[in-house]
Amino acid sequence: MVTLYCVVVGVAGSAFPVDIDENKSVGHLKDAIKEKNASTITCDAKNLQLFLAKKKKGAGVRLTENDVKDGVSDTSDLKLLGVAGAPLSLVGLSEKDVKFVPTLEDVESMNTPVHVLVVVPEQDGTISKEMSAATSPLTVEQVEMSMNKVLRERDEKASAYSFSDLNTAMEERIVKKMRLTENIPDVKEPVDTSIAGYSWIPKIVESEESQRAGYMEYLQQHLKTLIDRGDFLLDDIAGDKSVLNIVDPRLPFAMKGTADVLLINRTAKNPLIKLAGVSLVIELKKKVEPGHVPQAIGQLVSCSMKAPLNCYPLSLLTDLNDHWHFSWFSDKHVLTQVTLKYPKNAFRFIEAAVLGRTDSAPPPPSFMPGSFKTIKVDDFLPQPVDARAEEMMERYELMADVVEPEFLMARRMDYARQLVQSMPMYSYMYT
């Protein structure tokens with residue numbers, strides 16, 4: 001939603017605000033302006049002419065309330081918003097374009113911006129000669145080009161959050177978008193101090209090379225049973241800053257970044273596909289805190305969505321001492337999280353988890369309640385057949401009053417055909 005301050009040309013007085021979605025069109029803005037001034041604007045909304053309140057045809061400085069307080073009549077240096085179907089985000093009226101945080105000085109000097117000048121036709125429906133530029137309807141090609149440009153620019157500008165920046169509110173957005181239920185089972189973990197924790201090198205960050213070499217050696221040593229089988233290996237990915245980058249319509253926002261280590265099934269490893277064979281994604285912290293959990297959840301979600309078939313990864317957030325926080329999808333729309341205290345129990349859990357789908361799967365540790373199962377996101381939340389087509393259709397519907405009815409009906413039929421074709425029971429009709 002964007003707030004646009006508008007002024008009627010030839011009328012002295014204060015600017016008035018109009019709240020509107022930046023993805024709405026110029027035609028929608030005309031409707032909103034007329035509705036806001038129903039008693040003073042009596043013509044049809046389509047007969048209004050709108051100008052971008054920036055000099056030099058939209059390339060110069062924006063007009064302020066001080067500039068127009070006594071009325072304005074000359075629009076020759078302003079850009080006409082003459083295409084009714086043009087999205088506001090494409091004509092200089094996006095939230096980013098109009099963002100302005102006024103100071104007290106701005107308010108006192110009336111240096112607050114005006115965004116749109118409105119020309120109301122005279123009673124006989126005419127508009128002065130200098131304001132008579134024609135407004136032509138959009139062609140099918142123009143509508144599709146405009147929509148594609150909006151979507152492309154939206155994707156390019158979409159916020160991509162680093163995993164390390166994820167917080168509890170963002171985790172809640174992921175959970176809500178994916179319709180997840182969180183399961184925190186009661187674990188009666190036995191005391192087992194047979195494996196000591198890792199001694200971090202003081203005053204050196206986790207990602208520094210010598211620190212990485214140290215914790216990789218520790219993990220290699222205590223996952224020796226798995227690695228000696230010949231079908232598992234540890235992969236240090238801390239230096240690959242984009243391996244978990246993801247943009248997916250099933251998520252509320254894009255995410256970017258990496259983790260520290262992957263445990264990979266060697267038989268499926270592919271040098272060209274980084275996540276081939278991934279069984280466990282590990283994030284290491286010198287000190288694990290509650291605020292780190294959203295990062296681990298984001299890494300699990302990304303890894304699960306990006307991993308090839310037959311990969312069912314878990315996530316581990318750990319300090320390699322007394323915090324071993326595991327996350328995985330245990331059933332449809334169920335996100336299970338377990339925190340263990342002792343390294344020995346954690347390594348036993350890892351072994352049972354990653355071997356769970358093999359013929360030599362050991363029984364799950366006795367302290368784990370119930371049966372152990374892992375699935376991936378695609379098993380309960382498949383990728384939309386054509387998310388872009390769905391979004392495009394939504395935008396066409398919003399522009400129903402400015403596109404030809406025949407064009408809109410054709411797009412509806414195309415979209416419906418795509419939906420039917422995606423249904424397995426009807427797919428044979430289209431092969």
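Glycine is treated like the rest: Cβ placed from N, Cα and C.
Database features (Swiss-Prot):
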- Asn23: N-linked glycosylation site (CARBOHYD)
- Asn37: N-linked glycosylation site (CARBOHYD)
- Asn265: N-linked glycosylation site (CARBOHYD)
- 55-113: region 'DWL domain' (REGION)
- 114-121: motif 'HVLVXXP motif' (MOTIF)
- 1-17: signal peptide (SIGNAL)
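Asn23 (N-linked glycosylation site) and Asn37 (N-linked glycosylation site) are 22 Å apart (CA-CA, integer value). Of the recorded residues, Asn265 (N-linked glycosylation site) and Asn23 (N-linked glycosylation site) place their C-alpha atoms 46 Å from one another.
According to DSSP, the secondary structure content of the region 'DWL domain' (55-113) in residues is 16 helix, 6 strand, 37 coil.
For the recorded site, Asn37 (N-linked glycosylation site), the DSSP three-state label reads coil. The Cβ of Asn265 (N-linked glycosylation site) has 20 other Cβ atoms within 10 Å, all protein chains considered.
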